[in-house]
Structures are given as structure tokens and as C-alpha cells.
């Protein structure tokens with residue numbers, strides 16, 4: 001009998017076991033599509049990024065003009081740039097939905113997979129931040145100045161750390177060149193971590209909407225979920241193309257059309273939309289070090305979620321009180337995102353402080369209490 005190459009070849013076997021013959025729960029919904037969508041986002045960003053890097057010049061006197069040149073004179077340069085800039089937004093939409101799915105259905109109980117996922121999120125945030133600095137517009141420059149300057153709040157070593165990161169006494173040419181180097185490197189780190197993430201996931205197998213073991217009812221990934229994923233790819237790539245072709249600057253900041261000027265500060269310094277929730281939490285605390293700690297905690301709190309699980313059920317499918325809490329948390333994050341885009345004045349200050357307080361209270365206090373309460377109510 002002829003050998004089946006797909007199942008016996010050392011390399012093809014790995015691909016086969018991850019994408020073709022992978023045993024998958026028969027009842028996973030469209031919410032399980034976002035992992036593969038994130039993979040497509042990463043590939044798209046690496047390809048468009050590579051094409052952009054071929055025409056970009058990492059020098060303060062040339063960076064802004066090299067981006068302008070790319071959009072005017074390079075074949076489809078405008079399209080590649082718009083796909084790359086808006087692809088980042090789509091990447092964050094997908095990762096936030098992916099994390100929300102994991103939170104709702106208790107996927108975080110696969111602790112290794114979850115922890116690698118949080119590290120992936122942090123790496124993605126770092127990549128997006130250094131990438132935003134590269135066009136060297138006003139918001140690029142001032143965003144870099146404000147955010148890197150936060151490290152100076154660290155006691156004793158803060159100032160030294162910031163000057164070391166800058167490569168001088170302010171954000172200047174050395175900062176831009178190292179940010180370009182980091183922005184080129186980090187996506188490949190993300191790709192490596194993704195493989196680790198998948199390795200850990202395939203140790204336990206996927207979770208499912210009921211949060212119960214599904215070993216007795218698994219189906220092959222291909223053709224059932226591969227065809228389902230293709231629908232997701234099509235919808236995502238259509239929305240990316242629509243955004244990039246019809247309103248490429250919708251999510252950008254108009255300040256970034258002005259070349260960086262260290263002598264003129266923009267009236268409202270704010271990051272891209274996907275960082276606004278964390279920025280609002282940072283601003284809600286009047287003390288610099290306190291704000292930095294809250295900013296770090298807003299993402300690092302995800303590491304604690306598996307430890308705070310008190311319910312005897314894995315998923316929230318049959319836990320109405322936790323569901324209410326979950327959607328309040330989602331609303332709270334949307335409020336934080338909106339407040340982060342507003343100027344620092346009344347009433348936004350107090351709204352931001354209340355929303356920040358609620359964010360940490362729900363995750364650290366209310367979820368564990370409600371989980372235990374539901375056990376009581378259901379006599380579990």
C-alpha cells in the first residue's frame with residue numbers, strides 16, 4: 001500500500017496534525033474563528049510591512065518624506081500603506097474579540113495557552129506602538145515622547161532607563177532607528193510565540209461553548225472548519241479592503257499629516273483607538289507612578305484571570321449573573337475607550353476614574369464573588 005505523504009512526511013505531518021486531521025469539537029461557533037483570523041492578520045501585516053520597509057528610510061530628516069514618496073511614486077504604495085495601517089486596527093479588533101471569547105467561555109483554564117496569549121497581546125501592543133512612531137508625524141513624535149517618558153516614573157532607575165531607550169536626552173534619530181529595528185523584529189517574535197500558543201492549545205484541544213470535555217464527539221478540522229474559516233477570512237479581508245480603499249484615514253489622527261516638530265505640542269496627545277482604554281486608565285490617576293502601575297495592571301490583570309475562577313462551571317453559557325457582569329465589563333471598556341479620546345476636563349475626568357475603578361472591581365472582586373454565588377444558587 002502506498003504511503004500517505006501527508007501523514008508520514010516529517011514536515012507535512014506537523015501541518016496535517018494542526019490544520020487537516022486535527023480533532024475539533026463539533027459544536028464550536030463562529031467565535032472560534034478569530035484565532036485563524038489573527039494568523040491571517042499577522043501574515044498580511046508581515047507581507048505589507050516588508051514591502052513598506054523596502055521603501056522606508058529610518059532617519060528623522062527623511063522618514064516623513066519617504067512615506068509621502070511611497071504613497072505618491074511607488075506602484076500601489078498608497079494601497080500597501082493603507083492596508084498596513086488599517087490592518088493593525090483589524091488585528092486589534094480580532095485579538096480583543098478573541099480574548100473576550102476566551103474570557104466568556106472559560107478558555108483561560110488552559111493556563112499555558114492563556115498565558116502565552118497574554119504575552120502575545122503585550123508583544124503586539126509593543127509592535128503597534130513602535131510602528132506608530134515610524135511615519136514621524138506630530139502624533140508619532142509626541143506619542144513616543146509621552147509613552148517612553150512614563151518609564152521615568154520607575155524609582156531610582158527611571159531616568160537612566162528612559163535616556164537609554166531614547167539613545168539621548170530626547171526622542172531623536174537614534175530613537176527612530178531603534179524603533180524601526182524593533183518594529184521589523186517583533187512580528188517574527190509574534191509568529192514564533194504563535195507556534196508556542198498553538199502547541200500548548202493542541203496539547204489539550206479546543207474548548208467549546210458548553211465548557212465540557214468533547215473527546216467523545218470530535219470531527220476533523222478539514223473540511224468542516226477550514227471551509228468555515230474561509231468565510232471569516234473573506235469577511236475580514238473585504239472589511240479591510242473597504243476600510244483601506246474608502247476611508248483609509250478614518251481611524252488615524254489628522255495631526256500625523258504634519259511632520260514631527262519638537263517645538264510645537266499638539267493640543268490633544270492621544271494614541272490610536274486600540275490603546276485608548278489603557279490610556280484612559282493611565283490618565284485617571286493623578287500621580288505619575290500610580291498611573292503607570294494602573295496602565296500596566298490594566299493588561300497584566302489578564303494573567304490573574306485563571307486564578308480568580310471560582311465557578312464549578314467552565315463556561316458562562318449557563319451562568320446568567322456572570323453574563324450580566326461580562327457585558328457590563330464590555331460596556332465599561334467601550335466607555336474607557338471613548339473617555340481616552342476626550343480632553344482632560346470635567347466631566348471626562350470623573351467618568352474615566354469611575355470606569356477605571358469599575359474595570360478592576362469587576363475583574364478582581366465581582367467575578368470571583370458571583371462565581372461562588374452561582375455555585376451556591378445552583379447547589380453545585
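Each position is counted from 1, following the chain as shown.
Quick reminder: no glycine exception, Cβ is built from N, Cα and C everywhere.
Range annotated as transmembrane segment by Swiss-Prot, chosen from 9-29, 114-134: 114-134. The range from 264-284, 348-368 that Swiss-Prot describes as transmembrane segment is residues 348-368. Neighbour counts of Cβ atoms within 10 Å were compared across the binding-site residues 84, 98, 202; the minimum falls on 202.
In the three-state DSSP classification, residue 84 (heme b b562 binding site) falls within a helix.
When the binding-site residues 98, 197, 202 are ranked by how far their Cα is from the Cα of residue 183 (heme b b562 binding site), 197 comes first. Recorded stretches compared: 78-99, 179-199, 227-247, 289-309; the one with the most Cβ pairs under 8 Å to the transmembrane segment (114-134) is 179-199.
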